[in-house]
Amino acid sequence: MASSLFLLLLLFPLTTTSTPSHQTLISTPLQDYPTLTPLLEQTLTHTSDPSSLHLPISHHDSLHFTSNLTSSSLLILRLNRDTSRVSSLHSLLGLPRHTNRSFVSPIVSGLSYGSGEYFTRIGIGTPPTQSLFVLDTGSDVVWVQCAPCRQCYNQTGRIFNPRKSRSYRSVPCTAPLCHRLDLPGCDKRRQKCLYEVSYGDGSVTTGELSTETLTFSGGARIGRVVVGCGHDNEGLFVAAAGLVGLGRGSLSFPSQLAHRYGRQFSYCLVDRTSSGAPPKPSSIVFGSGSVSAGIAFTPMVRNPKLATFYYVQLIGISIGGTPVSGFAESDLRLNRKTGRGGVIVDSGTSVTRLAHGVYVAVRDAFRAGTAGLKRTAGGFSLFDTCYDLSAHSEVKVPTLAMHFAGGAVVALPPENYLIPVDTQGTFCFAFAGTDSGVSIIGNIQQQGFRVVFDADRERIGFVPRGC
């Protein structure tokens, strides 16, 4: 699953630094996005470290999408798509729909496509076809649209043609790789393994399972990566050529690279509203280079019912330096017997969802701390708490921090929880409630952090100013 959302975030041990009660928000309205160099045309830089693969990250606007939509309209599309994304995760969960080597890849935000996802540029095949892939911690399969297309959506760049790749290999029906799929199929006439991945929002990709070579910036190449070659892809996919599954399953990209790089990766997502050109750089890093000293980690939590997702134990939230009351810690805890509840860190969801009772308590505490600001009469899309800040160039807002098991505290900058939604100065509290029970930490709240997924040691870390 953009130079769109990078914010100053503070990370500190729970036992050492007290959280200040207020901080300053620079209340710049939502800006219409500039025309930038398309990511597929950018010259990518890389480090000289032979043990690393580097691909720079750009804002999604660098995809050079031509659109007559306003920035506010694009945000509405993004939030609508986000609702479908959350529905998809709930469907997967069976919930109601309410080494010393590493490599780096660039990331861009999907905002200017009306998408809340982030993209990376990868070359697929030999010779490589440069393509944009959604980065998605909520799924496992790596797939790309392939010619000939029976049903394909519009994408940026050329559709990959496996017949023109010297490194493309179909996976036979009898191969162990085929049986690692959740729903393996077989073309009995050609004896080729078939895959199908369905998402809860109704999107689906089907085709044949293959192995292929992926090329990263600086010319680094990884061979025999298991990739779904999708000839029938439909639904809410936007702009990208395919998807890189970053989940915990056996066919996910990190799992496939574990023998070479370990099961470690980190990313930093770019500021959704940054309008400068060139956009802020950032990256996704695989291998030991993704983990550095001094990171405050929280333990991963395993869901025995579903291995894909990255669960953490969120034990509390503070507003204005005061812990929010009115809910129990168990409201945020995973029920290991049923597989329900808990908190997921997800790259593909934009807006953080909190279990309904938790959200109401947090929202009400934030409203109380912003009593001096002018509330709007209504909400905006899925946001129910908005403010008219058109008369201000900056305002004081209460701090917001998330407290995790193990002592990690993630203190969000104001731009990560009070965001502009139009060009007139309307700002909204960027959290939402969910009746499903499972909470999701979305990419708006992650932006500006380097988020470290260290599956080898079963932990997740947050590094402030990590981009």
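Note: Cβ is positioned from N, Cα and C throughout, glycine not excepted.
Just so you know, the Cβ of Asp136 (active site) picks up 26 other Cβ atoms within 10 Å once every protein chain is counted. The annotation active site is assigned in TrEMBL to Asp136 (among others).
Under the heading active site, TrEMBL lists Asp346 (among others).
Here TrEMBL flags 118-463 as domain 'Peptidase A1'.
Among the features that TrEMBL reports, signal peptide is placed at 1-17.
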Using Cα coordinates, what distance in whole Å links Asp346 (active site) and Asp136 (active site)?
-> 8
Taking the Cβ of Asp346 (active site) as the centre, how many other Cβ atoms fall within a 10 Å radius?
-> 25
Kindly state the mean pLDDT of the domain 'Peptidase A1' (118-463) in the predicted structure.
-> 91
